[in-house]
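Following: one structure in structure tokens, then a few remarks.
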Amino acid sequence: MPKTVMQLVLIGFAFLSLSVLADPAKVYTTCAACHGDKGQGNPQLQGPVLAGLSGEYLTRQLQAFQQGKRGQHPQDVPGQQMAAMAKSLLSEETDLAALSAYIEQMPLPQQSTRLSGDLKSGNAYYQNNCGACHGGQGQGNPAFQAPRLAGQDSDYLRRQFMYFKRGIRGTDKSDKPGRQMAMMANTLPDDKLNDVLAFIGSL
Amino acid sequence: MSKGNIFAVVLIVAAFFVGRHWFADTPTVMTDSRSGAGYSGGAESTGSARSGLVRAIHTAPRTGTVHEVREGELIMDKVKVAEPGDTILVYPGSYSETVYIDKDNIRLSGVIEKGQRAVLDGKGHLNDAVLYSGNDIVVENLLITKYKGNAIMGQAGNNFEIRNNIIVDTGVYGIFPQLGKNGIVTHNVISGIEDAAIYVGMSDNIHVAHNQVFESVAGIEIENSRHAIVENNYVTNNTGGILAFITPGLPVKTTYDVIIRNNFIVGNNHPNFGAPGSTVAGIPPGTGILIMAADEVVVEGNIISDNKTAGIIITDHNNAPNTTIDPESDPAPDKVAILDNLMHNNGYDTIDEAKALMLTEFKTGNPDIVRVGVSRDSCIINRHQYVTVGVDNWAECGFTHTGDIMTYLLDKPVEPREIDPSEVGKVAYLGICAGCHTYTGRMIGPPVQVIQALYMDNAQGLADYIANPVKKRDDYPEMPPQDYLDATTRLAVAEYMLSVSK
């Protein structure tokens, strides 16, 4: 085969694989087992809701998993699983922005969990300690890179909150949003977390 | 109705009659408040030798220069050249600017001609109308409208007099002396304010009298302040009429010795239009007087009528809406004294919490007085006149009137605050920022602990933000620019804000 043809074939092959990797819908099929086909989450596998999260936040989390800033702590088993997925399912060539944009436009999930708790106290502590970054309705606020909390699984939120509090997530020097959240995790009295989660679940 | 329900109703009714039978036999205690012992005031107050009308602090004739401002000129140009002791006369006309007085002893006085006033018009885009950080400041006879932040805000100035102003539809606070000692707020007409029409914050020895406040979320608010008298005001159609509060998370942790007397507190049923999630957004429409965590509040001689939730609500922090606990503040309102008041037609459309409380005491009717949570050593006279819940076990008061106390203003103006250069940041923080930011809670702006998480050690970034704030949160008002402070002060206050821990 002449060299130029060979080169063309090679380029064509590279192009093909790139386009597969770049097709977010196809990439997402590998995520669906743990996060649901519509990003609605899968509590059995501890996979959180992804629908409703912003593209910016999704990309940042995927990079954090890939770069070992999240999901490498020995006590964070679900995080380790996700970190492994981020390294195996996604490669250097994956267009993370496109994948995140694809997930971002998934419709908001229907309310799943209803935790019981004191909603009045939950509202008070949420509005005073959390709402200034996550929004009064738990809708998230891109100005602070703070993700949507409304609609997220309560067990997942509790786990992440405790990770921040116990220094398992949000410790890396370069992870400013994570460190900001970790500071806030220390401001909530322990006995109010359940009320706050119940309030978020009611939004 | 199912059998179970009928049974429950029968039980409640039976309990009700049993309750009446058991508790109603105590004889009615009637107290004649036309005579008897008088309230002696807070322990620390100095007791004033003043008598007669309380109208002014500065009564000596003024000898300084008089600067005149007419339409087309800037008030601020005269402020810049004025010396302490000077008067600035503003003639009728329209002025659109922020006036910032950072020197002592200036009188900013509108001239009223045939009913025409000097109008400060924020046009919906300016933030504050009048700010002062000097001592011995007088602001009078102005008409202020359409500002987004404050109409008149005092920042750590003592001996202030704010009188005869009309304030319509301006942002978050109407008249807001913060961190001042010895001051008067009288004869102002204020309406359409998203938080408090008159907000006395972290101040001492204050006299708030003869004001008309209406159609605001909170009418008159005495917050984290001591030795204050609120009298002869006409407070109507606000969400909550008169409030004595400890707001958790502020640098000053107490409110005590507040006399609320001889006010008309009528029909405060306005829908609550406070920013959702803020403290005042939790006030139920139809609240005449709200006492939250404040101590030694005496309520006497008011006409309290037509407030649909209750005439007076007394609550601790644990039971107050949108409120979290400050470990350094006692959450309980102690030593509250309710003397004779005319209460009529309150509580006719009250909240479920009040109804539930009434059920526990087997009470019926529309509540005039509702107490929730802890309150120690409180007292009341002539309780038989009102429908009450939560005050049955309060003592009879040992005094029946406050007539021995004319005012808590001081006999002589207090010395101006000396500010050491190393304290510039702290004073600006206390005098300005703490008006809208508490450490732990959402007041007007986000809590300081959130700001600390956002900025960490980036004081310069914070200083840059306050010079030229951008809107970041849908459900908060805008943060007014602090560009009237010089760059050194902005950095100092930023550093201080990042260093506080309570």
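Using N, Cα and C of the backbone, Cβ positions are placed for all residues, glycine too.
Automated prediction, rather than curation, is the source of TrEMBL annotations.
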Among A:MET82, A:MET181, which residue shares the heme c 2 site with A:CYS130, A:CYS133, A:HIS134 according to TrEMBL?
A:MET181
For the domain 'Cytochrome c' (A:7-107), what's the mean pLDDT in this predicted model?
85
Can you name the residues of this chain that are 6 or more positions from A:MET181 (heme c 2 binding site) yet have a C-beta less than 8 Å from its C-beta?
A:ALA146, A:PHE164, A:GLY170
Please report the three-state DSSP label of A:CYS31 (heme c 1 binding site).
coil
If you measure every Cα to Cα distance among A:CYS130, A:CYS133, A:HIS134, A:MET181, the residues said to bind heme c 2, what is the biggest one in Å?
10
Starting from the heme c 1 site formed by A:CYS31, A:CYS34, A:HIS35, A:MET82, give every other residue of that chain whose CB sits within 8 Å of the mean position of their CB atoms, in sequence order.
A:ALA32, A:ALA33, A:ASN42, A:LEU45, A:GLY47, A:LEU50, A:MET85
Under a criterion of Cβ-Cβ distance under 8 Å and sequence separation of at least 6, what residues of the same chain contact A:CYS130 (heme c 2 binding site)?
A:LEU149, A:MET184, A:LEU188, A:VAL196
